[in-house]
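Chemist: Mind having a look at this structure? Questions to follow.
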Amino acid sequence: MICSGKQFSPVINGFDIFSRPKSRSPIQPSASLLPSLSVQKPRRSAISVQKPLHVSMVGNFGSLKARRSSIKCEAYEADRSKPIESNIELPKAAAAEAAASSSESKKKIKIGIYFAMWWALNVVFNIYNKKVLNAYPYPWLTSTLSLACGSLIMLISWATRIAEAPKTDLEFWKALFPVAVAHTIGHVAATVSMSKVAVSFTHIIKSGEPAFSVLVSRFLLGETFPVPVYLSLIPIIGGCSLAALTELNFNMIGFMGAMISNLAFVFRNIFSKRGMKGKSVSGMNYYACLSILSLIILTPFAIAVEGPQLWAAGWQKAISEIGPQLLWWMAAQSVFYHLYNQVSYMSLDEISPLTFSIGNTMKRISVIVSSIIIFQTPVQPVNALGAAIAIFGTFLYSQAKQ
């Protein structure tokens with residue numbers, strides 16, 4: 001038994017195993033003979049465990065670590081690519097933010113220009129309008145000429161393609177008609193008021209327009225408002241009343257003209273909101289159409305109230321006293337009336353109604369102050385206090401409405 005045990009060599013090579021007959025069972029090496037096989041089994045070894053002592057890809061042992069290292073480097077580079085992509089997107093986001101900021105800045109500058117033009121043109125109109133009415137006191141004809149001038153300007157602009165003509169239909173003009181009626185009444189009433197009293201007094205009374213808006217909306221339309229809105233009417237009404245009672249050149253026709261103008265413009269705004277919903281007409285063209293329709297409505301009434309005979313007699317007297325510069329005054333008041341209204345409607349396209357209301361309040365301050373300076377209107381301290389209270393109440397109203 002000892003001799004037969006010595007016949008087996010402890011070193012077994014692959015050739016001896018594969019050359020043995022199939023009938024003989026394969027030799028199961030013990031752990032003492034081949035300890036390395038049991039140690040290498042848990043690892044990703046290249047030694048096959050299905051066939052005893054079968055060795056394959058011996059040459060890859062040395063390159064295994066290198067391959068793993070290269071794979072790790074590729075994964076690391078792939079991870080590094082993510083922040084590179086995000087860094088590429090950052091300039092785009094920054095550019096978009098800068099473009100948005102630039103667009104917002106341009107819009108603010110545009111609105112600022114509109115407001116400055118609106119106030120300046122309105123001041124110039126009121127000055128020339130008062131000069132014309134002092135020399136030629138025919139407010140119905142003056143109102144008609146201002147609407148005719150604006151209509152002519154827009155018709156020429158459409159014909160020469162300076163401005164794009166609006167696309168309107170019969171429904172548009174039907175919806176515009178009540179707006180034009182209210183606009184015509186408000187325009188004529190304000191001109192009548194200015195022909196009888198100082199420009200500053202007319203605008204002080206017209207600063208009470210928010211009170212008329214709230215009262216009409218509450219009692220005729222059934223709308224309700226927050227308590228601060230009602231409270232803001234107290235200084236408006238009180239200030240206008242104080243200014244009216246202390247006005248040195250008070251005239252009932254001038255006072256009633258300003259009040260009627262307030263009421264008419266309130267209805268104009270109501271009709272505009274109801275009738276112009278869904279109508280795609282720009283602010284400039286909308287006011288142009290409003291001027292044309294108002295001119296058609298006003299002309300027969302102006303002829304009936306004043307008439308060509310009074311106009312001719314008044315013209316001869318005015319020319320003899322003022323001279324040819326009266327023509328320049330009439331042309332200026334007509335052109336500036338259209339321009340300031342056109343700019344106001346253009347600004348309304350860019351801003352909210354609240355901002356427009358605040359701008360309108362500031363416009364009245366500029367008109368009141370400039371007219372007092374230019375025409376040297378005598379103002380008592382109590383009268384100035386009433387005007388300041390009324391305007392401050394208008395500002396409170398605009399804040400309470402937001």
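The backbone N, Cα and C atoms fix where each Cβ goes, glycine too.
TrEMBL: automatically predicted annotations, no manual curation.
Annotation source TrEMBL lists domain 'Sugar phosphate transporter' at 110-398. Taken from TrEMBL, the feature transmembrane segment covers 111-128, 140-159, 252-271, 283-305, 381-398.
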Chemist: Cβ under 8 Å to the transmembrane segment (252-271), counting only same-chain residues 6 or more beyond its ends: which ones?
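Modeler: Contacts of the transmembrane segment (252-271) (Cβ under 8 Å, skipping residues fewer than 6 from its ends): 178-179, 182-183, 185-187, 189-197, 201-202, 205-206, 208-209, 212-213, 216-217, 221, 244.
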Chemist: Just to confirm my parser: what is the rounded mean pLDDT across the domain 'Sugar phosphate transporter' (110-398)?
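Modeler: Mean model confidence (pLDDT) across the domain 'Sugar phosphate transporter' (110-398) is 87.
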Chemist: May I ask for the residues of the chain that lie six or more residues beyond the transmembrane segment (283-305) and have a Cβ under 8 Å from a Cβ within it?
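Modeler: For the transmembrane segment (283-305), the nonlocal Cβ contacts are 140-141, 143-144, 147-148, 150-151, 154-155, 163-166, 168, 172-173, 176-177, 179-181, 183-184, 187-188, 276, 338, 341-342, 345-349.
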